[in-house]
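Features as listed in TrEMBL:
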SIGNAL    1-20  signal peptide
DOMAIN    76-237  domain 'GAIN-B'
DOMAIN    246-505  domain 'G-protein coupled receptors family 2 profile 2'
TRANSMEM  248-269  transmembrane segment
TRANSMEM  281-299  transmembrane segment
TRANSMEM  319-341  transmembrane segment
TRANSMEM  353-374  transmembrane segment
TRANSMEM  414-436  transmembrane segment
TRANSMEM  457-477  transmembrane segment
TRANSMEM  483-503  transmembrane segment
Amino acid sequence: MDTQRSLFFCLCILVAQSISQETLLPLLYLMKRLERPMGRALTSKVSPRNIHQLEQMLLNTSFFGHNLTLQTNSIQSLVFKLDCDFSGLSLSSATMANVSQAWAPHAMQFPAELTKDSCVTSRPAELRLICIYFFTAHLFQDDSNSSLLNNYVLGAQLDHRPVNNLQKPINISFWHNQSLEGYTVTCVFWKEGASKHSWGAWSPEGCYTEQPSPSQVLCHCNHLTYFAVLMQLSGDPVPAELQEPLEYISLVGCSISIVASLLTMLLYAHSRKQSDSITRIHMNLHGSVLLLNVTFLLSPQMALPTVPKSVCIALAATLHYALLSCLTWMAIEGYNLYLLLGHVYNVYIHRYLLKLCMLGWGFPALLVLLLLVIKSSVYGPYVISFSNSQDNGTGFQNVSMCWVCSPVVHSVLVMGYGGLMSLFNLVVLTWALWILCRLRIREKALSPWAYRDTVMVLGLTVLLGTTWVLAFFSFSVFRLPQLFLFTIFNSLYGFFLFLWFCLHRCHSDAEAKAEMEAVSSSQMTH
């Protein structure tokens, strides 16, 4: 009799193992398949189908015991058997078995209310709670290429029914290995069908964000789905209703500047003083302005999910190069102005224009190429957030453009570089105005020479170079006025140059005509 019982027990173990293997192998194969990187177009079609298939298989799988854990390199699936006497459940990566130490800590807490609606009408013998943790974000890419904390997506589902509007929320904790100071963090959930180009989008509805410590984010959400934490560089949020006016101003201003720059360069090309170095410096400045405006208008279009990321990286690098080149040519204009006003006699510099072109075009190219070689990921889709007030708090409406993604590079080679060039032009402007004031005092009136250089100083330095100083007033009460002033002045950058050129040319023509009349009258008297 004991022998029969032993045989029966061994047979049960063998049957259980065979059932387990037959059940688990398809699940593990599907999880492995979800780990494979795919293109965006393929991800938006395959991912939802495979994820839903994984959910159904987990809900229907047979296993012994009260819970089941499956794990691959970047996905972990957990299944729990619950009943109507459910008193709550706390899951933590610190207590889970087989959790890789390389993964950042995370936790989920489910309230006792979770099974309440399921047990109101009937008392099922068993309820299934599944938790799927994705330690990679490539399956949940939205149209804005949003940045997620640790690239973690934690999801949960109860049986085959939705769970919404819980009185006591589900608590999801995320920890980071560094302080999150300097970032705005927002708890979001994956909302299927909320996007045109992806299978869903991140939404903050029904979630409340809390930061108990600089390295922890605590999400309180009243429903079950897939959760994550959006990371954005801190800054005073811009209201969403201002997005359309700012985009309209940029589009119109840059379009006008493109036409103005092209027209100015054509007029320069047909000028009688084509060999003049000053004229050629102006042409190079207009060329950099033209490149800057064209790449800026193309940048949002190339950041769309349908466009390959390599194209966006290339355009972002070109836009950064155009900005650095434009700032450099502004500083060159300031330096040339210093030579004109600071030296009574002409200063000859061997191959002056060639050296200026190497500085104006070559130096920015060297910086950008160096960044691409060291780490090309500093360029790519950059997310700009607009705050959108909702009933349950503040959400974010994201707009993407191809631009510098690295905060360090942005601080040093955008803000820092622009600040140095603007400071140099401000010093030159102050010095030039001091020279002109001395001339006014000396001559008791402004001579035509003084008028000409006043126009040049104001045109090249005040209207153009120094308007970039507005970028440093993006804080507190100055932020919204600064946004509009910066957008207006710098999108119309090329147009202001065109106005200055027309005014300067009319003044030069008037002077030339006056000189010719003076010469002809003197010849007639003789």
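Cβ atoms are placed via backbone N, Cα and C, with glycine included.
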In the domain 'GAIN-B' (76-237), averaged pLDDT is 84
Go through the chain and flag residues at least 6 beyond the ends of the transmembrane segment (353-374) whose CB is under 8 A from any CB in it; none is fine as an answer. 277, 280-281, 284, 288, 317, 320-321, 324-325, 328-329, 332, 409, 413
Per Cβ pairs under 8 Å, the stretch of 281-299, 414-436, 483-503 packing most closely against the transmembrane segment (248-269): 483-503
Same-chain residues at least 6 beyond the ends of the transmembrane segment (281-299) whose Cβ lies under 8 Å from its Cβ atoms: 250-251, 254-255, 257-258, 261-262, 264-265, 268-269, 315-316, 318-319, 322-323, 325-326, 328-330, 332-333, 336, 353, 356-357, 360-361, 401-403, 491, 493-494, 497, 501
